């Protein structure tokens with residue numbers, strides 16, 4: 001990765017402001033059938049989203065792709081199997097969609113890329129919208145690499161398991177997005193507490 005392409009800090013000056021209504025999180029991969037729906041399903045589970053015990057710091061969770069290759073499709077069957085087998089998550093439903101620019105940049109507090117390619121694509125989409133005058137450049141800071149939350153290294157990425165013959169890559173991805181999700185939730189809780197103080 002080229003130097004200066006991505007912030008590698010946890011500087012709170014780039015933390016979004018939630019205005020007391022909870023944070024909104026968007027997970028992004030290429031086609032929105034493997035990694036980002038897995039990340040969404042796990043994070044919904046971690047935060048008990050849409051249950052009576054939903055985490056108060058979370059307002060919205062979604063996922064999408066940088067491409068429209070699988071728009072309208074269900075998640076890869078291996079994603080669904082691993083969510084169930086590794087996480088006990090059996091109620092996750094999703095239809096793939098492509099990111100909406102500028103809408104998603106405006107509506108979500110955290111836009112989390114699974115790998116460097118997704119990260120670069122998101123920034124380029126955002127910059128094109130900035131050049132057209134339909135998006136504020138300040139909103140580009142919402143784009144982060146998901147591995148910056150709980151990764152073993154600040155640039156840890158979730159590799160695309162779609163090309164795997166089996167489900168090993170999906171199991172690796174599950175471990176990563178579960179770990180990153182815990183790190184993200186801790187960060188959101190810290191930011192929410194700071195905004196109250």
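Every residue, even glycine, has its Cβ placed from backbone N, Cα and C.
Over in TrEMBL, the protein carries these features:
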type	residues	note
DOMAIN	23-187	domain 'Phosphotyrosine protein phosphatase I'
ACT_SITE	29	active site, nucleophile
ACT_SITE	35	active site
ACT_SITE	160	active site, proton donor
Residue 160 (active site, proton donor) - helix vs strand vs coil (DSSP): coil
Cβ neighbour count within 10 Å of the residue listed as 'active site': 35
Other CB atoms within 10 A, centred on residue 160 (active site, proton donor): 18
PLDDT averaged over every residue in the domain 'Phosphotyrosine protein phosphatase I' (23-187): 97
